[in-house]
Amino acid sequence: MAQFYSAKRRVTTRQIITVTVNDLDPFGQGVARHQGKALFVSGVLPHEQAEVVLVEDKKQYARAEVKRRLTDSPQRQAPRCPHFGVCGGCQQQHASVPLQQQSKRAALGRLMKREVDDVIAGAPWGYRRRARLSLNYQPKTQQLQMGFRQANAKAIVDVVQCPVLVPQLEALLPAVRECLSALSALRHLGHVELVQADNGPLMVLRHTAALPATDREKLERFSQTHGLSLYLAPQSEILEHIHGEAPWYTSDGLRLVFSPRDFIQVNDGVNQQMVRTALEWLDLRPEDRVLDLFCGMGNFTLPLATRAAHVVGVEGVPALVEKGRENAARNGLSNVTFFHENLEEDVTRQAWAKHGFDKVLLDPARAGAPGVMPHIIKLAPRRVVYVSCNPATLARDSETLLQAGYQIQRLAMLDMFPHTGHLESMVLFERRLT
């Protein structure tokens, strides 16, 4: 979700003031009022009073840092992670989960000018099945740093635990660090990516120089000992599969094989609920033709095909289109057609646009889908489900449907990333009958 402030920074005197926070924004910042404008203060919750130092003063808003908290909210909780406040991964571990969801729900409602009907959430801890950890060898200490970037900085926070990771990946962290620290090429390691597939964990190691045979042997032994699939990435475009079987996950009971480079939702529990909700909202009938835009490798497309007459998936990444086709065949689905097309170009010239559809689902990236919204109107589907990772572009694109006579029937906030400022959502639009 983007913030809309762009005025030039104004010099402050680092004045110390006492404020009472009355709201929490979706990013976990406390919101107070000072001299008639919003004052954002990280680390302070609604109804808490604090002494703060003004550090930024703009025409429409100001920012401050906490000097001393004077009162505590009953919604305050002790952060579970020892790295919270330094690591840039989480911003809201100090706030209760109900408060986090309430603030995100309120922000979504304000943008959409409508009450939020549902909050779709899963486990608040141990939910993340994918993580990329930066690696950096420190010559002075002769130690390998492994962790996440600091908030608003490039420095690496060495992590020994991460409670938002699924337990299988969190348990691997010490062993991965020990293994990588024992490599002779540890000065040439870029990052390590860990993914928990349904058939076990996998590790991708990015290295910037060739690994000697002894290092490759150590890594292969490590992957065998810990039952994980191993991939090496000597270049960003190259992926070498060293050990283990291809990873897969399930979506509505279907098995989707993926490459470590492919996009998958990091929160499996919420993803499963999201897919089921989309299927329910679309109210699919056996005779329906369904269009799935920005379909990826078929996270929605394939489950849709188990309930509809025919499904068309459109995606801009060639590798994902190929994976979608392979997974359709693997699951015995012959009523699916995938198209590789750039949906930011003139879609009216694309082959899929010549077909008619009864229902449409779209799941675009943060930029939204301004280029395809007019064509969706021309298709005149009875129902449209829009899944969004950016409520600002969702609100913009929704106006196109609303002005064309569609109505919002359901609005849900997806708590895909607890303890962070990320806000995802999904909306059901239905065409008004004339």
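The backbone N, Cα and C atoms fix where each Cβ goes, and this holds for glycine too.
These come from Swiss-Prot:
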ACT_SITE  Cys389  active site, nucleophile
BINDING   Cys81, Cys87, Cys90, Cys162  [4Fe-4S] cluster binding site
BINDING   Gln265, Phe294, Asn299, Glu315, Asn342, Asp363  S-adenosyl-L-methionine binding site
DOMAIN    10-68  domain 'TRAM'
When the number of other CB atoms within 10 A of each residue's CB is tallied over all shown chains, which of the recorded positions Cys90, Cys389 has the maximum? Cys90
If the [4Fe-4S] cluster site is taken as the center of the Cβ atoms of Cys81, Cys87, Cys90, Cys162, which further residues of that chain fall within 8 Å of it by their Cβ? His83, Phe84, Gly89, Gln93, Phe148, Val159, Pro163, Val164, His419
May I ask which of the recorded positions Phe294, Asn299, Glu315, Cys389 is closest to Cys90 ([4Fe-4S] cluster binding site) if we compare their C-alpha atoms? Cys389
So among the binding-site residues Glu315, Asp363, who's got the most Cβ atoms within 10 Å? Glu315
Say you check the Cα of Asn299 (S-adenosyl-L-methionine binding site) against those of the recorded positions Cys81, Cys87, Cys162, Cys389; which is nearest? Cys389
Quick check: of the binding-site residues listed here (Cys81, Cys162, Gln265), which one has the Cα closest to that of Cys389 (active site, nucleophile)? Gln265
Where's the emptiest Cβ shell within 10 Å among the binding-site residues Cys81, Cys87, Cys162? Cys81
At the level of the C-alpha atoms, what whole-angstrom distance separates Glu315 (S-adenosyl-L-methionine binding site) and Cys162 ([4Fe-4S] cluster binding site)? 33
Let me know the DSSP-derived helix, strand or coil state of Asp363 (S-adenosyl-L-methionine binding site), please. coil
Here the binding-site residues are Gln265, Asn299, Asn342; the one whose Cβ sees the most other Cβ atoms within 10 Å is Asn299
Most distant Cα pair in Å, residues Gln265, Phe294, Asn299, Glu315, Asn342, Asp363 binding S-adenosyl-L-methionine: 21
Measuring Cα to Cα, how many angstrom lie between Asp363 (S-adenosyl-L-methionine binding site) and Cys162 ([4Fe-4S] cluster binding site)? 29
Can you tell me the three-state DSSP label for Cys81 ([4Fe-4S] cluster binding site)? coil
